[in-house]
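Taken verbatim from TrEMBL:
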- 20-37: transmembrane segment (TRANSMEM)
- 82-496: domain 'Major facilitator superfamily (MFS) profile' (DOMAIN)
- 120-141: transmembrane segment (TRANSMEM)
- 153-172: transmembrane segment (TRANSMEM)
- 178-198: transmembrane segment (TRANSMEM)
- 210-232: transmembrane segment (TRANSMEM)
- 238-257: transmembrane segment (TRANSMEM)
- 326-343: transmembrane segment (TRANSMEM)
- 355-376: transmembrane segment (TRANSMEM)
- 383-402: transmembrane segment (TRANSMEM)
- 408-431: transmembrane segment (TRANSMEM)
- 443-462: transmembrane segment (TRANSMEM)
- 468-491: transmembrane segment (TRANSMEM)
Amino acid sequence: MGYDEVIPILGNFGRYQRRIYLLLCLPAILCAFHKLSNMFLQAKVNHRCQLASEFPNATYELPITILNKSYPYNAVTQKYSSCSLLENGTTEVPCDSYIYDYSKYESSVVIEWNIVCNRAYLTALADSVFMLGVLVGSIAFGDLSDRFGRRIIFFISLVIQVVFGLLVSIAPEFWSYSIFRFMVGTTTSGVFLVAYVIAMEMVGPRDRLVAGVISQMFFSLGYMLVALFAYFIHDWRYLQVALTLPGGLFFCYWWFIPESARWLLTKGRLQEAKSLIQKAAKENKVKISDDDLHALLISEIKPKDANEKSVTVLEIFRHPNLRRRSLIVFFDWMVNSMTYYGLSWNTSNLGGNDYVNFVIAGAVEIPGYTFLLLTLNRWGRKSILCGCMVTAGIALLLTMAVPQDLEWLTITLAMIGKLAITASYGTVYIFSTEQFPTVIRNAGLGAGSMCARIGSISAPLINLTNEIWKPFPLIIFGILSLTAGCVSLMLPETLNQKLPATIADGETFGSPMSIIEEEKQLKCDEDVERNEKITF
């Protein structure tokens, strides 16, 4: 008995839940804005060294005769150097003033602060710092929302996001820009994850898969909208303002979004939870007496046991089978996040139109999530996870065999990889949760999420390897995805399985003896049911 028994009475996904759920999905668009806007805020453009005879506003294009006598030529890449000049026509010297090609982007962080050549790594560093903020925020705001409530932390995060988002737009130099972006990164966890938790806590178990996947589709919508904003707003500072200000619209949620009834119950605030549920029942046109509601909810409030021992995630490393499975799950988290963000932030290096590539990279997520809705509860978690990661790995590895003049084929293979990794990333959320015993399930999920953040922090640094060889990042992501997909075959399937509750259950879960015992128990239950029918 408890809150889960109340939800079917209210209606698993009644009018009240649908209204609140839709409102809670919209902030995912905001988080996509901030997580992916770096592609245009920090847009890379063609550049060359400024000649001594040129003014800073000189045009990028030069006659071939001037290029030949002024810039070193690389016979391998068949390009003129963009970071050095020829002094006296023979001696190669570095430069610190640049002329930019404004035909694609009129303004960006890179152009304004000359983040090119030996400073080019700073854009990757800024992205890693942002994702470090996401990691810090997931830890801090997750704990704060458990202590002080989902609703208040959501709004605090939203205010911080808007304030620091606007500060990014007036940053005077690179380091303040990176610090402000770090703060925005922390709030993406407070806004998106807290809203996600509120939404998941008010729907029944039967609808959580659909609700979770659809909320991710709103993130994909925000993903595509970033390119639309960037297409019409060419100044990076104005673009940052345009992507931040919509967050202010969500301040009105204070009057529409309730606290999580489940959280209220965990804090012993029974009367507030009952009032909230009765309000939902009224909107759903369902009648439930106060006494019946009290009887259902009272079991949700558990007295604290002073002798109860807390179990930490470190417990999994003391048991070999559980340790092996957990390490595979953590590796899956890291690779999925690394590849997802690596591909998302690498679209400008694929060739073709940056805006079109970016929109396609967001659009392919929709069929990826739709695929999950249609197959995850039919084909099983393991086959989907392994199949999608292997598909992504193969598609990305094939890019190294594509000739340079076939950019469309490279883009196609990269987008197949993006679609597949999106589906596997969505699967790992569910599959990894079911791998851990109940007593450490939340801790295990938190550890997996932390590994994902480590992967996303490293993704921009891997993308830097495209300076060595253009397909290099895709090859690295491909090898890791293929490896993760193969090692995940060692994980047990969880669909329609009784999930482990204790550490001991977790250690035997998926082992041959455990499967045999489950089959025996299932056969025994069928025999008992058959005998009962005969007796009747």
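All positions are counted from 1 along the displayed chain.
Backbone N, Cα and C define each Cβ position, glycine as well.
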Cβ-Cβ under 8 Å with the transmembrane segment (238-257): same-chain residues at least 6 beyond its ends: 20, 23-24, 26-27, 29-30, 33-34, 37, 40-41, 151, 154-155, 158-159, 161-162, 165-166, 168-169, 198, 226, 229-230
I'd like to know if the transmembrane segment (210-232) touches the transmembrane segment (153-172) in this structure, counting it as a touch only when three or more C-beta pairs sit under 8 Å and are separated by 6 or more positions. no
On average, residues of the domain 'Major facilitator superfamily (MFS) profile' (82-496) score a pLDDT of 88
How about the transmembrane segment (326-343) with the transmembrane segment (408-431) - do they touch, taking at least 3 C-beta pairs under 8 Å (6 or more apart in sequence) as contact? yes
Taking the transmembrane segment (468-491) as the reference, which of 20-37, 178-198, 210-232, 383-402, 408-431 gives the largest number of Cβ pairs under 8 angstroms? 383-402
Who are the chain neighbours of the transmembrane segment (20-37) in space, where the CB to CB distance is under 8 Å and they lie at least 6 residues beyond its ends? 13, 130, 134, 154, 158, 161, 165, 184-185, 188, 191-192, 195-196, 198-199, 202-203, 211, 214-216, 218-223, 225-226, 229-230, 239-240, 243-244, 246-247, 250, 253, 256-258, 341, 344-345
